[in-house]
Each structure stands twice: as C-alpha cells, then as structure tokens.
Amino acid sequence: MTSKIIVALDYEKEAEALALVDQIDPSLCRLKVGKEMFTTLGINFVKQLHQRNFDVFLDLKYHDIPNTVARAVRSAADLGVWMVDLHASGGLRMMEEAKKILEPYGKDAPLLIAVTVLTSMEDLDLLQIGINASPMEQVLRLAHLTQRAGLDGVVCSPQEVEILRNTCGKEFKLVTPGIRPIGTDFGDQRRVMTPTAAIRAGSDYLVIGRPITQADNPAEVLRSINVSIG
C-alpha cells in the first residue's frame, strides 16, 4: 500500500458506507472511521472494512487520564487498525503511556499519532479556551511534545506541514485533513489546501471526505487525485 489518501467515512448508516466502500479500490486509499460511525456501528464495522482489504485509521481522538487512553490504544491495536490517534493536549505522560503499551506489538503496532489543533479552529477559538497563541504556535508546541513522547506523527492542517517537516524531520508522519480539490466546497474546514499543494508541502497522508464520498463517481475522483499527486 503506497497511496497517500485516507478517505473519511462520514455516514450515519452502515449500508451507505459500505456502498461507497465497495466502489473504491483498497490499493488506492485507506479508510478513516471516526466517532460517529464507530459509536453507531462499533468494531464489527471495522472488521468488515478489514475483510475488504482496507487499512483503517481509527480516528477517535482519545483524551483522558493516561491509563484509560493507554488501554483504549491497546484495544485499537488488538482490533488490527493501521493508525489510531489521541489529543496531544492530553499531555506528555498520557502520550508516553499510550506509546509504551504498544511495545509488545512490535512491527504490528498501529501508527500512533496526535491531534494538535483541530482544522476548524482559528485564533478566536483558541483564545476562548484560554490559549493565547495562534493556531500555528500551538501546533508547533504540541507537535514538539508529541515527538518528545515518541509518537509517530501528528494530525495538522496543510498550512503547518512545511514548518513541521523542517522542525520535526523526515520520519515524523504528517496527516492532513482540510484537503479540498480545486472547485469543491470547504465545508466546516477553515485551513484548507489542494491535494497537490499539500503533498508538495510535505504531507505524508491526506484525509479527504466529501469530495470523494459525495462525488457522482467516487472511484474516478479517487483515481484522479492519486494521479494528481503522483
């Protein structure tokens, strides 16, 4: 699997999600399962995606006391997901314990990444929760904390990719939502970029939802994006 595209499955019903999944090629993308779908459909839905040969990014953004998060991450590893995430704002100890609990899994451990600043958040949003910093400043602070904890990478907006690549190195994975091909609606994302521009900036993986899932021909859109990013 070499594709850099992660298709975000944001559906209310299993049948609708699987109808989309059955139209696309697992060699051309991975799939992201978030809070809504996982809460509704649970681990059996993830298993169905695995049976269709898709790698799964379990996007539950864990944020709790260290022991609780570590155990949740272990459960994700037992499920066999490819990637799982947590909130870097949970702190260094929380992230370190989550990383440590994956050690027995060796090469079969999922990638463990941290969410820095949600791509819907702007300066005012941060100020309202007591953070007197720009999104960029907060992303850098949390990315460095994530790297110190030994995690594999972070979720960040495309605009932060270049500086994170320069400061965190080539091996640190950068996963970027807020990806919108030219001509598509921005939706509720505020810090966005096209797939080609994001890859050029240094993104490792692009999270793309509605431009693919709501397309008349999802398979063709997916193929086209893969071609555009090489």
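Using N, Cα and C of the backbone, Cβ positions are placed for all residues, glycine too.
The secondary structure of Lys61 (active site, proton donor), as reduced to three states from DSSP, is extended strand. For Lys61, the entry in Swiss-Prot reads active site, proton donor.
Other Cβ atoms within 10 Å of the Cβ of Thr119 (substrate binding site) number 24 in total over all chains. The feature substrate binding site is assigned by Swiss-Prot to Asp10, Lys32, 59-68, Thr119, Arg180, Gln189, 209-210.
Annotation for Pro66 (substrate binding site): same-chain Cβ neighbours under 8 Å, separated by at least 6 residues, are Gly90, Gly91, Arg93, Met94, Glu96, Glu97, Ala98.
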